[in-house]
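Asks: Once you've had a glance at the structure underneath, I'll fire off some questions.
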Amino acid sequence: MYALYFILVVIICCIMMSNTVANEMREHIPFFEDICKGIKAGDTCEKLVGYSAVYRVCFGMACFFFIFCLLTLKINNSKSCRAYIHNGFWFFKLLLLGAMCSGAFFIPDQETFLNAWRYVGAIGGFLFIGIQLLLLVEFAHKWNKNWTAGTASNKLWYASLSLVTLIMYSIATGGLILMAVFYTQKDGCVENKILLGVNGGLCLLISVVAISPCVQNRQPHSGLLQSGLISCYVTYLTFSALSSKPVEVVLDQHGKNVTICVPDFGQDLYRDKNLVAGLGTTLLCACILYSCLTSTTRSSSDALQGRYAAPELEVARCCFCFASGGEDTEEPQNVKEGPRVIYDEKRSTVYSYAYFHFVFFLASLYVMMTVTNWFNYESANIETFFSGSWSIFWVKMASCWICVLLYLGTLVAPLCRPSPHFSV
C-alpha cells in the first residue's frame, strides 16, 4: 500500500513536469482558464506545473513518510498499538497524504521555501544513492563469502566462483571496449576518453587491491568476485552517464550540423520524445521502487549497521539472497506441503518499520531531484529528461566513483584498524 501511494505521487509529479499533458489539458478541458483562476493556480494553472509544483508535492510526501518514521520508532512487535498505525487505516492515510501534498501549496514565502527545500532534497537524494551503493558493496561481499563457504565441502563451488567471475570481467571489459568504439573518435571526444580511461583504471585498481597479499591476510574472503561485480556496476554507470550526456554538435566540411561522440544508431533514438519519456519514466519508477523495497529488509538493515553472520554459519546456496530458514526457524522439518508464512519476531519485527519509512522519505527526495533534473531545474520537463543533461551525467559519474571508494574502504579499513566490525 505504501508503494502504491508512492507510485501515485510519482505519476502526479511526472504529469506536472510534462508540457504535453499541460497543452492537452489546455486544449481539451472546457473553461480551463476559468477553473485555474477559480482555484487560484494562475491564469493557465502555471502554479500546478513545473519544478516548483513537484517540489511542493514531494515535500508533502516526504513529510508523510517522515512523520510515520517518527511514529514507528522502536516498535518490536507487530501486535502493539503503534504497529497498527503502520499496518492499517489505509483510507485515512491516503487522505492525510493528499492533504499534506495539497497543503504544501499554501506555505507562505514560497521563494524562500523552494530555495531551502532544494538543498534538503539534494542531501536526501545523495543519501538515498549512498544507501544503495552500500548495499551493493555488502551484496558483493555476502555473495563471495557464501559461495566460498561451500568450497570446504564441494569443490564445484570453485568452478562456480571462477565462471561467474570470468563472466563479470568479460562484461566489464567488453562494455568499456564498446564504449571506447562508439563514444569516442580519433579526433575529439577528449572528455569521454579521459572518463573511460579513469573508470577502466579504477576497475583494475580494485581488482589488484582485492587480491593483494596484505588484504588477503586480513580478509581471506576478499576476492575477484566482489571486484568483478563492482567493475560491472562501474561499467553500467559509465555507459548510463555517457548516454545521459548532452550531445555535441559540430559543423562538417559541408557546413552541416553533425552529432559527434555518440553511436550512429543512437542519433535517432529521441525522435519520439513522448515514447522515450513514457518508457524511461516507467523504468525509473520501477528501479526506485525496487531499491526502496529491497533496502528495507532485515538483512539490509543489519548490513548497514555492520552486523554480519559468522563465516562458520554460512550455508552455500545459489539463491543465497533468500533466507534458508536455518538459524531463526524452530519449525519441524516434516511440514505438510503448501505455502506458509513464518513471522519471526524473536529479535524484532520482520522488518524495521521506522527504517522502512525513512528509506521512502529519502526516496521521495530522490524522486523530486531526479524528475526536476537535479540542478538544471528551471528548464526541466519530462519530455527532454532522457535526452541529455549535465546534472544527471555528473550525478551518475559521482555515484560511480563513490561506489569504488566505498568498496576500497571495506578492503583497506581493516589494515588501519583491525576489528571484526570491518570483517567481510
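Including glycine, each Cβ sits where the backbone N, Cα and C put it.
Source: prediction; values computed, not measured.
Residues or ranges marked as signal peptide by TrEMBL: 1-22. Per TrEMBL, transmembrane segment is recorded for 53-73, 85-107, 119-137, 157-182, 194-211, 223-242, 275-293, 350-371, 391-416.
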Asks: By a Cβ-Cβ criterion of under 8 Å, what residues six or more beyond either terminus of the transmembrane segment (119-137) are in contact with it?
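Replies: Same-chain contacts beyond the flanks: 55, 58, 62, 226, 229-230, 233, 291, 294-295, 300, 303-304, 359, 361-366, 368-370, 374-375, 395, 399, 402-403, 406-407, 410.
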Asks: Excluding the flanking five residues on each side, which residues at least 6 beyond the ends of the transmembrane segment (157-182) place their CB within less than 8 Å of a CB in that stretch?
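Replies: Contacts with the transmembrane segment (157-182): 144, 147-148, 150-151, 192-193, 196, 199-200, 203, 223-225, 228-229, 231-232, 234-236, 238-239, 242, 262-263, 266, 316.
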Asks: What parts of the chain pack near the transmembrane segment (223-242), using Cβ distances under 8 Å and only residues at least 6 beyond its ends?
Replies: 136-137, 139-141, 143-144, 147-148, 161, 164-165, 168-169, 171-172, 175-176, 179, 183, 192, 195-196, 199, 202-203, 206-207, 209-211, 392-394, 396-397, 399-400, 403-404, 407
Asks: May I ask for the residues of the chain that lie six or more residues beyond the transmembrane segment (391-416) and have a Cβ under 8 Å from a Cβ within it?
Replies: 129-130, 133-134, 136-137, 140-141, 195, 199, 202, 205-206, 209-210, 214-215, 218-219, 222, 226-227, 230, 233-234, 237-238, 240-242, 244-246, 370, 373-376, 422-424
